[in-house]
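Novice: OK, TrEMBL features for this one:
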type	residues	note
DOMAIN	17-153	domain 'Peroxisomal multifunctional enzyme type 2-like N-terminal'
DOMAIN	172-280	domain 'MaoC-like'
Amino acid sequence: MDVEKYIGLSGGYRKLEYNWRDIALYALAVGAHKEDLHYYYEKEMKAIPTYGAIPYWNAINTTPQRPTPYPASLMVVEELQRELGVPLTFLHMEHELIMHQTIDPIKGSFIFEDVITNIYDRGKDKGIIVKTELKVYDEAGNLVCTNISSTVIFAKGGFGGEKPPKSTVVIPDREPDYVVSDYISETQNILYRLTGDTNHIHVNPELAKEAGFQVPFMQGLCSLGFACRMGIEAIIPNEPERITRISAQMRSICYPDTKVQFVGWEVEGGVYFKLLNAETSEAILDKGIFAYK
């Protein structure tokens, strides 16, 4: 596999325009509650920082317009499908959001470009990992946030390429310092879809079954948004502007109508966390980092 021909590829710069209603919709889509007035009332509004990840997988309010979301990793998927002549399975497996400034909650524009930065070899029959970086700027050219994402494509593994780096996060072997319980509703995937992730597999039962899933499943970035909101509630209540970084591995599929738990451990520089299925204790998100100032 010729990795170099993909490095630096992007879909070009795009623009996403939003207002306070989009910020409020996002908050509700990641589980905001009635008492979270600051997330949905425009007179007191604050943006949940993971709204900065919305451009990564978005086909609403974005120009140039596309019928479905198109992160840079899909350029590799499409090329390999042409080469191999078969449909390929891929999954968003890790995401990191670095905040450089607070998101204006009332109105604004995101100017962004998603660029392929590396391709890793997971090994024979394990596929490859496409790493991308998406920088988000405001209309003045100020850097708002940086998204670093990894997508696994189940093809081409064992080509002799660079191995993926391992996470340095080690969850402490002790009781967590923070535990927050919540609920992902039976329509949460539909509500989150309205924020821009119109990938059909998250709403169409037949497509989900064809891909091997019981029913349409939750978007990985919705789970990250839940973890971000729940972490704020536990660690820095009502102060989302203090977050500097949040990242996690998407470890298992989460379905709508699921009770979840955010569990966090204080470490130097922030909090390590997991988002768990509360009924099975299986990690939905793992090796999470919640950093704040």
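Heads up, the Cβ atoms here are built off N, Cα and C, so glycines get one too.
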Novice: List the helix, strand and coil residue totals of the domain 'Peroxisomal multifunctional enzyme type 2-like N-terminal' (17-153) as derived from DSSP.
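Specialist: DSSP composition of the domain 'Peroxisomal multifunctional enzyme type 2-like N-terminal' (17-153): 35 helix, 54 strand, 48 coil.
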Novice: In the domain 'MaoC-like' (172-280), how many residues does DSSP assign to helix, to strand and to coil?
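Specialist: The composition, in the requested order, is 34 helix, 33 strand, 42 coil.
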Novice: Can you work out the mean pLDDT of the predicted model over the domain 'Peroxisomal multifunctional enzyme type 2-like N-terminal' (17-153)?
Specialist: 97
